[in-house]
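Notes follow the structure.
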Amino acid sequence: MDTIAIPALNRPVDATVEIPGSKSITNRALLVAALAQGDSTLENALFSEDSEYFAKCVEQLGIPITLNPHLAQIQVSGKGGDIPAKQADLFVGLAGTAARFITALVALGNGEYRLDGVPRMRERPMGDLVTVLQNSGIKINFEGNSGFMPYTIYGQQFAGGHFRLKANQTSQQLSALLMIAPYAQQDTTIEVEGTLVSQSYVKMTCRLMADFGVDVTQTDDNQFHIKAGQRYQARHYTIEPDASNASYFFAAAAVTGGRVRVNHLTKQSCQGDILWLNVLEQMGCQVLEGEDYTEVIGPEQLQGIDVDMNDMSDLVQTLGAIAPYANSPVIIRNVEHIRYKETERIRAVVTELRRLGVKVEEFADGMKIEPTPINPAAIETYHDHRMAMAFAVTGLKTPGIVIQDPGCTAKTFPDYFTRFFKMIGQ
């Protein structure tokens, strides 16, 4: 297995970094551009395993896409809600967003569409989304367990109507239904039962739909109404840098007492993970905001924090990786749903922190991390890109940290380690 040794620094980080476009925005923009009538250009798009699986699936459905990674540009020739392909065998890898968005998209088609992914993808929850589609009259044939990949969807134009949806494990299913709803045969109302996790991603979806010309009415926190007959407008759209991926570079400033500036990303971002800046401020960092950048300056000593991370749950690993360097405990709450991500993320973070000698208490929905001197260790990443990226930051302050399977970052940030080593001057 490949490994990367992280060099511990005896000085603060001092760098300005450029971060590729947001994965979440790239995938949403790609879907609505595919549904729009005409040509859209997506600038600063993310090119990674996840986004490329998604783009390939859309192209297999008969919607022309031109990828230009050198310009970070995607051109989409939308078909106005039509799915030209009448049959497709679609593979999504481990891309949960692609899996859910493509599942919803083919419901607008009139054909036979098989979806599958890697073994871990077959374990990730799809049940509530496919149940809604079945309740709308769409036939789905499951090859294994009901509600899980692989399955074949027999598309017939999504009927719309009133649906109830559980979104306590992922909000991606809700986002998927929202984005196809304008092309339903009748108005659509989606009522979320119970807790809606990762609400910030749903807000992102609604904002992007509005940017492409479609309105969503939200009557309360858990009910959404979309009028049928609305249509996305093809357009030129610039995608902002990925706030989740920026978190690792800001964290590097935090643990080394240094300075990191990220261009083209501000607190006005539509991404929920921009809340990471608030967490760092509470831990003692200084956050400076310019017209088109954000800069984090780390303190001499990080402070502990007790934080609900439900709306920025992709950053649990980032906080976990720097928590041992705080002067008091770090408590992470309300993220039980991350047990169903690329890996069982709560257990993975707890296991690797204990491997480093850190005292950690695991909860059903989070963990408590005590300030602890860190021992050298090789970090298991569980094929999870965020484990690799987060624990690389730990190694900036403790000698002897090695990241196993660093190539797993290709899922969302293929050149992460190139940019990471450039940041630290190596």
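Cβ atoms here come from the backbone N, Cα and C positions, even for glycine.
Marked as active site, proton acceptor by Swiss-Prot on the basis of sequence analysis: D314. Per Swiss-Prot, the feature 3-phosphoshikimate binding site maps to K23, S24, R28, T170, S171, Q172, S198, D314, K341; the stated evidence is sequence analysis. Annotation source Swiss-Prot lists phosphoenolpyruvate binding site at K23, G96, R124, Q172, R345, R386, K411.
Mapped onto this structure are the features recorded in Swiss-Prot.
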residue	record	DSSP class
K23	3-phosphoshikimate binding site	helix
R28	3-phosphoshikimate binding site	helix
G96	phosphoenolpyruvate binding site	helix
R124	phosphoenolpyruvate binding site	coil
S171	3-phosphoshikimate binding site	coil
D314	active site, proton acceptor	helix
K341	3-phosphoshikimate binding site	coil
K411	phosphoenolpyruvate binding site	helix
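Taking the binding-site residues K23, R28, K341, R386, K411 in turn and counting surrounding C-beta atoms within 10 angstroms, the largest count is reached at R386.
The 10 Å shell around the Cβ of the residue listed as 'active site, proton acceptor' contains 26 further Cβ atoms across the protein chains shown. Secondary structure at R386 (phosphoenolpyruvate binding site), as computed by DSSP, is helix.
Measuring Cα to Cα from Q172 (phosphoenolpyruvate binding site), none of the recorded positions K23, D314, K341 fall within 10 Å. Cα-Cα distances to G96 (phosphoenolpyruvate binding site) place K341 within 10 Å, out of the binding-site residues K23, R28, S171, S198, K341. Within the set of binding-site residues K23, S171, K341, the entry lying nearest in space to R124 (phosphoenolpyruvate binding site) is K341 (CA atoms). In the shown protein chains, 19 other C-beta atoms lie within 10 A of the C-beta of R124 (phosphoenolpyruvate binding site). Within the set K23, S24, R28, T170, S171, Q172, S198, D314, K341 that the record links to 3-phosphoshikimate, no two Cα atoms are more than 19 Å apart, and one pair reaches that distance. Ranking the recorded positions K23, R28, S171, S198, D314 by Cα distance from R345 (phosphoenolpyruvate binding site) puts D314 first. Within 10 Å of K411 (phosphoenolpyruvate binding site), as judged by C-alpha distances, no recorded positions are found among R28, S171, S198, D314, K341. Considering only the binding-site residues Q172, S198, the Cβ with the fewest other Cβ atoms within 10 Å is that of S198. It is S171 that, of the binding-site residues S171, R345, has its Cβ surrounded by the most other Cβ atoms within 10 Å. For the residue listed as 'active site, proton acceptor' paired with K341 (3-phosphoshikimate binding site), the C-alpha to C-alpha distance reads 9 Å.
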